[in-house]
Structures are given as C-alpha cells and as structure tokens.
Amino acid sequence: MSIQWFPGHMNVTRKAIAERVPDIDVVIELLDARLPGSSANPLLAELTRGKPALKVLNKQDLADPERTRLWLAHYQAQVGTHAFGLDASEPAPAKRLIDACRALAPNRGGMVKPMRVLICGIPNVGKSTLMNSMVGQRSAKTGDEPGITKVEQKILLASDFYLFDTPGMLWPRVSVIEAGYHLAASGAIGRNAFDEEDVALELLARVRGPYRDRLEARYKLAGLKDVKGLDALTDSELLELIGRKRGGLMPGGIVNRQKASEIVLHDFRSGAWGRITLETPDEFALWHAAGEQREAERAARKAARLAARSKGSGRRADDAGDAPDDLDADIDDDLDDDYGEDDKV
C-alpha cells in the first residue's frame, strides 16, 4: 500500500521555503545515507530549482560504505551540486559545510554580501542534532519522533554566513512506493500513517538478500536446522522467528507480531544490524520511473473522469437516478489512484 504523510505544519514549511528561496545563495539538503534516493525531497527540488545544492548524506556511519560511494558519485554528477557524507563523529561539521557552500557560491561572502544558506531535510534525518553540534549548544530540539522542529531558525555560523534551518518536510504525494516504505522504516513518517508490520516485512524483504549475514548474526539464525536455513523462510516466517528469538511471545507461545515488527524497526533505526543501505542509484531510478508511470496513468484516469462528468452535466433531471452508481465508480477510481488495483483495503 502507498504510504503518505503530509501534516499541516509541513504545508506551512513549504510556503516559508518558497518565500525564503529568492534570497538564498545555497541550499543544503540533508539526506539519510541509508536511503539517499527515498529521502531526497522532490518538492524541495522544485521549490529551489536553479540554486546551487549541497547534498549531505547524514548518518553515513550507519550506511553501507560501498553504496554511499555510489550515491555520492550520483549526486556529484549533477550540475551545480556538491555532495559528501557526514556522521555524528564529525569533529567540525560547521567548517566543512561553510567551505562547501563557499565553493558553490564563490561570489558571495563578506559583510556586504553575506552568505545565506537554507538547510532542509526530511523529518528525523538528524538535522537538529547536526545544528546543535555546529553551534555548540542545544539550540534545536531533538528526539526520535518525526516533526519535532516546527519553526524556522536563523543561525550565524560565521561573521558573514547565515544559516536558515527549516522544520523537517516531506511532500504531499510519495509516488515511489518503495520510498514510502523506506521513509517509514527510517522513522521519517508518523506512526499513525502506516502499519508497522507491513513496513517491517518490506524491510526484511529488502535486507535479507544483500545483508543476510547481518540478520543471521543479530538474531542468531545461522544454526537453523533446515538445510536451507534463512532461504527456506518467507518474510512472514522470518518475522515470526525474530519474535521468538527476541522474546516477543504472548501466552500460549504465540508470537506477538506487533512486538516483533517493533523490534525489527528499532534494530534498523538504531544501527543494530550494522551498516546497511536500502537502495542503490540504479534501483531507485527504476522505482522512480515506475512511480512516474503510475502518476501519469492516475492523471489520465482523473482527466477521463472529469471529461465524463462534464459531458454528463447536461443530462435531464430524470437521469439523476444513475448518480449513486456514478459515485461508486468515482470512489473505486480514487482508490485505484491512491493504492493501485492490488493494494485496495
């Protein structure tokens, strides 16, 4: 099922960014190094088009180093863009960010034309923690729940360098289905917007191939009696086994699947599995193309419905008895638009 989350304060942030952008010299987008494609905001790209961009892959200490290199090369190849990785152990993140921004906008700086930089990112990407490390105090609230920062902050990082920090923002419609799952798995989406078991199963499906050894080590699965071991289990069976291994049992020895799902998500978010990245640039490009195709088909269906309504608006009043059937058809089409034929619930 498609996962969506765009609470009201994010729309306020969108408007604030749109108003701020004309005065901005460089845009820093903080990405989650474990999902560098899924955490890149297409709405931000649209709002800041034409501005020099610095892509910072945060939490790189939790990400697969080889896949991080692929993503850095991917973003470095984009015109007007610089990219580097960052993690909590960075001794002087402010200097590194300032130097990179000055390189992207060499004609800005000094007291006459101070550098004005906008820093953005999805919820729970670690932006507030980074801001606190740069200014040397807890100027921004931090926590595990997405959407903690709610107001824009202006911070002076150097005598001629202003940084405008914005609240975490997603986008109104996540068209890449895989991105929705990855964002939810990372903690960027509010818990009320998705089913944790669905996300945990999707997460296990993504990691059990390339990172099988991490799962075996974390949950002591290498000693399975079945000769095929982990390969013999479905994703659902693997989730149940993890629940049994980690004490997620209810009376009667029944696995508490909700508890098992919470364990899986917590272990991924905390880095307990080791350094893992959920996507490569090539994989994400395929997912994005599929999402674009779905959106085009959705737009075509909507246009057809509007055309049909317009054509039928001149019907005689005695045809009004057909209206309930038309309404049912519209509801079904809307469900198809939002979830796809196979995803309706």
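Here the Cβ of each residue, glycine as well, is placed from N, Cα and C on the backbone.
Keep in mind that TrEMBL annotations are predicted by a computer and have not been checked by a curator.
These features come from TrEMBL:
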type     : residues                                                                           : note
BINDING  : Asn58, Lys59, Gln60, Asp61, Asn124, Val125, Gly126, Lys127, Ser128, Thr129, Gly168 : GTP binding site
DOMAIN   : 116-177                                                                            : domain 'G'
REGION   : 298-345                                                                            : region 'Disordered'
COMPBIAS : 320-345                                                                            : compositional bias 'Acidic residues'
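The binding-site residues Gly126, Gly168 differ in how many other CB atoms lie within 10 Å of their CB, and the one with the most is Gly168. Secondary structure from DSSP puts Gln60 (GTP binding site) in a helix. Within 10 Å of its Cβ, the residue among the binding-site residues Gln60, Ser128 with the fewest other Cβ atoms is Ser128.
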